Amino acid sequence: MGKVNEVLFMNRGEGEISYAQNSAFTQKVASMAMPALENAVETLFSKDFHLLQALTAADLGCAAGPNTFAVISTIKRMMEKKCRELYCQTLELQVYLNDLFGNDFNTLFKGLSSQVVGNKCEEVSCYVMGVPGSFHGRLFPRNSLHLVHSSYSVHWLTQAPKGLTSREGLALNKGKIYISKTSPPVVKKAYLSQFHEDFTMFLNARSQEVVPNGCMVLILHGRQSSDPSEMESCFTWELLAIAIAELVSQGLIDKDKLDTFNVPSYWPSLEEVKDIVERDGSFTIDHLEGFELDSLEMQEDDKWVRGDKFAKMVRAFTEPIISNQFGQEIMDKLYDKFTHILVSDLEAELPKTTSIILVLSKIVG
């Protein structure tokens, strides 16, 4: 697999398998987390920030779907509310949209309508800029951000976990692409270690960029269980591994490619997130919660229609990194196989998905 920061992005464009057309689930999660963002803006203005004429915010891992537009609109709306309450004449909002270099910034900025940013004659003038780069390192000057938002991005890792091959060079997680019930304990340990390292780097970078008393609102995939091999966090990757294994058995994929591939993502528990934040010591936890949603919440009665929609959603955020390892030419076959496996599982109850909302404040001093 190539370097993660070169191959990790959502499906581009606006076609039927694009992220822009298949982000309904993340939109629902974002809408449920919106009160946390509103409270964060409210909190900022309850401190000394009401003296500012401009608020600087960043949406990290913004992708190219409509979620980031809702974030901008929410911040702007809350600022307009505070502007009226505080009898401000005008305020300015500077928003930086960040993602890795492969992100579809063209589709993103094409979707930025006047309804999102408004015009420069309103109570709050909004200015938006793109910032390509990895959020695991520094992106902005010191003490330059008042508010940081990130939705469904922080659980991605900078690389596949280290230490997943033996001294003899043999793969330790054969036949799987993520943690599973059959994975040896070293796999779970390696994934947690990599997440700890990467999330700590994220917090360290933000601790230098966020002003004292500034806020961060982070939404990420997570789990309720202390066991990372439970299906609530492994379901999608387990089904993909089964689909890939079937193509291996048909001679369409080399077995070694499956055995040596491990997804650079980790869905942590609330306790793991809390522990890392407290160890870092740069931020206080204002709010931490996990909430469950159905993995497949759709109105259609036809299980094939539901299965196809879920498969397209999964394809939208997994295809670039999966195709880099296994080849673009077999992607249609792979996700067709994934759909068939999924539909057979629809007879049983599917696991719920846990999302974590984490609100942090930068410690003064």
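From the backbone N, Cα and C atoms, a Cβ is placed for every residue, glycine too.
As recorded in Swiss-Prot:
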- Y19, C62, N67, D99, L100, S134, F135: S-adenosyl-L-homocysteine binding site (BINDING)
- T26, Y152, H155, W156, H221, F317: caffeine binding site (BINDING)
- H149: site 'Involved in substrate discrimination' (SITE)
- N173, D259, F261, N262: Mg(2+) binding site (BINDING)
- H221: site 'Involved in substrate discrimination' (SITE)
- S265: site 'Involved in substrate discrimination' (SITE)
- M313: site 'Involved in substrate discrimination' (SITE)
- Q328: site 'Involved in substrate discrimination' (SITE)
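Set side by side, the recorded positions T26, S134, N173, S265 differ in how many other CB atoms lie within 10 angstroms of their CB, and the most is found at N173.
Cβ neighbour count within 10 Å across all protein chains ranks C62 highest among the recorded positions C62, L100, M313. Here D259 (Mg(2+) binding site) comes close to A171, N173, K174, G175: these same-chain residues lie at least six apart in sequence, with C-beta atoms under 8 angstroms from its C-beta.
When the C-alpha distances from Q328 (site 'Involved in substrate discrimination') to the binding-site residues C62, D99, L100 are tabulated, the minimum falls on L100.
Across the structure, F261 (Mg(2+) binding site) and W156 (caffeine binding site) place their CA atoms 15 angstrom apart. Comparing Cβ neighbour counts within 10 Å across the recorded positions N67, N262, Q328, the minimum falls on Q328. Residues within less than 8 Å, Cβ to Cβ, of H149 (site 'Involved in substrate discrimination') and separated from it by at least 6 positions along the same chain comprise L37, A57, A58, D59, L60, V71, M216, V217, L218.
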